[in-house]
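Inspection log for the structure reproduced underneath, given as structure tokens.
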Amino acid sequence: WDSINEVDESFRPIHTYQVCNVMSPNQNNWLRTSWVPRDGARRVYAEIKFTLRDCNSMPGVLGTCKETFNLYYLESDRDLGASTQESQFLKIDTIAADESFTGADLGVRRKLNTEVRGVGPLSKRGFYLAFQDIGACLAILSLRIYYKKCPTMVRNLAAFSEAVTGADSSSLVEVRGQCVRHSEERDTPKMYCSAEGEWLVPIGKCVCSAGYEERQDACVGERAPCGLAGGLRRGRLPGGPVRIGTGSDRVRCPYNKYPPPSSPCYSLRPGPPSAPVNLISSVNGTSVTLEWAPPLDPGGRSDITYNAVCRRCPWALGHCEKCGSGTRFVPQQTSLVQASLLVANLLAHMNYSFWIEAVNGVSDLSPEPRQAAVVNITTNQAGPADASPTKSQSRSGPGQTSVSLLWQEPEQPNGIIRYEIKYYEEVPASGRRGGWRTRAGGALGWTRPRGPLVPSLRAAPSPASRGLFLPSGSLQGGGARIGGFKGPRYDTRTIVWICLTLITGLVVLLLLLICKKRHCGYSKAFQDSDEEKMHYQNGQEPHTYEEPGRAGRSFTREIEASRIHIEKIIGSGESGEVCYGRLRVPGQQDAVAIKALKAGYTERQRRDFLSEASIMGQFDHPNIIRLEGVVTRGRLAMIVTEYMENGSLDAFLRTHDGQFTIMQLVGMLRGVGAGMRYLSDLGYVHRDLAARNVLVDGNLVCKVSDFGLSRVLEDDPDAAYTTTGGKIPIRWTAPEAIAFRTFSSASDVWSFGVVMWEVLAYGERPYWNMTNRDVISSVEEGYRLPAPMGCPRALHQLMLDCWHKDRAQRPRFSQIVSILDALIRNPESLRTTATLCPRCPAPAFARSCFDLRGGGAGSGGLTVGDWLDSIRMGRYRDHFAAGGYSSLGMVLRMNAQDVRALGITLMGHQKKILGSIQTMRAQLTSTQGPRRHL
Ligand code: ACK
């Protein structure tokens with residue numbers, strides 16, 4: 001790379017870095033930036049302006065010349081100087097030019113390319129960027145590195161401090177608002193800062209305190225209180241000012257007096273400061289550095305200092321407690337003058353909450369609660385420290401074939417611990433034989449060797465622990481020697497314990513063997529795949545629905561295990577694994593899916609598991625998954641259903657993003673609706689309708705499945721099922737079902753609305769990464785999911801109808817199916833795209849609009865490539881470049897014919913691109929008025 005000074009098109013001097021080794025093969029030329037401090041950003045953007053020469057324009061370089069270069073980054077906590085190595089860098093992307101220049105352009109105008117790439121998540125204190133040239137003729141003209149923030153704002157009388165956006169492009173950062181002066185919290189005010197630096201989904205609010213009224217994001221009182229300057233004389237005149245010094249500006253008001261509006265005190269109301277802003281944390285092992293910016297409202301004074309409050313929040317406790325006395329604050333915890341603090345000696349792998357409050361000379365006099373900026377962190381592994389287990393105990397006995405060691409966790413675990421057992425076996429003739437065993441947990445056993453064992457125990461060495469061995473002599477109950485002739489005496493508990501271990505081992509072994517034979521992994525540990533669901537109360541739901549509503553009759557058919565040939569595992573569900581296999585029926589072999597109950601099940605689990613089959617067995621509808629039968633002989637428990645080639649609907653849509661026409665999507669929804677109409681007509685409430693519980697066959701036919709939570713209702717079609725506990729899939733569940741556990745067909749309709757949204761958003765997660773709790777409160781406050789990009793208005797309206805707060809107002813499934821049928825018959829009705837809700841976090845269009853305001857690509861805005869990436873259509877970058885669409889301004893003028901002319905043949909993709917263009921246009925018109933800005 002050469003550093004070259006030249007002039008740009010306007011003959012202004014510019015500094016560039018250039019490389020052009022196009023004749024020689026195997027180029028590997030690196031250009032690295034200096035160390036860039038991260039400054040609290042979790043994701044940064046690199047905007048590169050460069051020119052690149054077209055290889056075709058240079059004779060004799062074919063085979064060696066390249067038209068791309070690579071962008072890399074490396075994070076580090078300090079400036080590493082010249083010691084960085086290529087191998088340490090992580091690749092961000094390969095970058096190609098939208099426009100390359102030819103020889104003819106030389107000396108005239110070289111076509112400038114602007115590319116922006118996101119870099120993150122970042123966690124260290126700084127980073128480097130590097131360009132790798134692999135044989136291109138390239139000049140880097142500029143590199144701009146920036147990050148995005150949501151600006152300070154007041155919403156619903158709560159002030160939100162500036163917030164740095166999250167680490168990845170889809171994350172929302174939750175920020176709590178502080179009530180403005182003279183207002184009180186009604187519901188905790190919160191907003192989310194999107195990756196694009198926009199505030200979304202306001203929840204909660206503050207209301208003006210008694211005697212104050214809301215005026216332009218503030219609470220003003222007829223008689224606003226005055227503050228007293230610390231250490232100054234108190235007022236003598238009620239409500240009147242105290243003059244200090246001689247200047248007319250040196251006015252201070254008596255605290256807690258209510259001056260008339262005519263008094264200078266009315267507007268001069270010194271008071272406590274607001275909370276510090278922009279609090280950021282940087283965790284390093286078990287220390288954290290906190291930095292913040294001064295409060296926006298200093299309370300009319302300049303004597304601000306800061307206090308830190310540290311709270312420790314162990315998971316197990318469920319609440320936070322004061323940090324221990326061992327915690328170290330550098331330089332101190334209170335009366336901090338500078339806006340930063342180091343907190344050390346924290347526990348490893350622990351959650352902490354830090355509150356930084358700003359105070360001034362009148363804070364103590366103010367009756368108002370202090371406002372603080374809050375940050376929550378989790379510490380990492382500690383630096384080396386001792387974490388040795390304490391008090392170990394061995395159990396064994398003469399003639400026993402195993403020995404168990406029990407010990408207590410160290411008092412200061414300093415993180416996650418693995419234990420190592422060292423033992424040697426005393427063989428009198430040959431001396432010592434020893435070996436290492438590493439086991440996790442607080443107890444273990446192993447087969448007894450020939451001679452007596454001398455065990456010793458330690459926490460395995462880790463960054464957190466040097467792992468000192470407990471001296472073997474410190475083992476209780478017989479000292480150093482275990483087993484053989486010198487072990488401690490055994491008691492009944494030991495025998496029971498050992499027996500249980502052996503029996504469990506045997507059962508597991510047996511199941512493993514069976515499993516292996518069938519090629520279906522029963523042994524895989526049970527995973528709680530249902531992370532969507534939130535537990536409600538501790539109470540177990542009563543289980544009375546083995547054969548719902550039809551007690552005594554059997555709807556399932558027993559299948560001989562020998563008729564099933566399992567071929568592969570295709571997934572895992574909550575109760576075990578799902579396999580693909582063949583079912584031998586006379587004259588043919590049917591493809592089937594086999595759900596096998598996980599190993600180690602209880603009788604109750606087995607009953608629950610098979611009850612799903614007995615529910616399914618009662619249904620016969622083309623849009624409900626068909627039960628082939630069950631295998632229940634012996635200890636086996638399997639449910640055999642028809643095989644659905646395309647698996648679950650959510651995953652299927654995610655892997656085929658944008659590839660279907662709206663009509664195909666509506667067809668899928670129609671199928672789900674018809675299946676649900678059938679269920680509701682029978683009086684069944686599904687309770688877990690979600691795209692993940694809908695299966696798709698090879699012809700795109702959707703079938704409702706997963707009846708694990710289904711319940712039958714009595715004859716009254718409006719009846720609701722009330723449950724006292726159990727898990728609820730919050731994002732899919734109607735508010736009344738969450739709040740009062742009243743499940744009904746109307747609550748299934750709500751879920752159907754969410755499935756509609758999932759389908760139109762191609763498997764996007766409803767409510768993105770909002771927490772379940774926030775989903776509940778935002779829905780309660782009237783927030784509804786916005787129309788996915790390109791979603792027809794009629795479909796979004798149907799979703800909104802399904803999400804009617806009053807369940808009686810929601811459409812019935814029969815009406816839903818009729819509406820969908822009508823839309824299918826009249827495709828014109830699907831032409832109008834829904835306008836987007838301004839609060840919806842759909843990054844792509846919002847970002848595009850923002851940048852267009854700045855003049856589009858080339859002026860700090862997004863490129864066409866970025867826009868395509870953001871709508872997951874990046875594969876068409878070249879199409880747009882070849883068509884000459886080099887800026888978003890040009891893209892905005894495109895119509896359907898233009899898009900087709902680029903060679904984009906898939907209808908779904910055309911729709912997605914046109915939908916996004918339409919959305920950008922709508923956004924621009926709504927945010928900046930007429931389109932002449934383009
Ligand atoms: O998305 P998938 O491939 O489709 O992953 C899940 C997995 O098993 C766990 O539920 C798949 N699956 C479940 N039932 C069936 C079935 N009847 N036919 C095909 N795949 C199924 C599901």
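Even glycines carry a Cβ here, placed using N, Cα and C.
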What residue among CYS137, CYS150, CYS179 is stated in TrEMBL to be the disulfide partner of CYS20?
CYS137
Looking at the candidate ranges 230-254, 380-404, report the one that TrEMBL labels region 'Disordered'.
380-404
Give the mean pLDDT for the domain 'Eph LBD' (1-155) on the 0 to 100 scale.
88
Sort out the sequence-distant neighbours of CYS65 (disulfide bond) for me: same chain, 6+ apart, CB within less than 8 Å of its CB, listed by position.
VAL22, MET23, CYS55, MET58, GLY135, ALA136, CYS137
Tertiary neighbours of CYS20 (disulfide bond) (same chain, Cβ under 8 Å, six or more apart):
ARG53, ALA136, CYS137, LEU138
For each of CYS55, CYS137, count the other CB atoms within 10 A of its CB; which of these disulfide-bonded residues has the top count?
CYS137
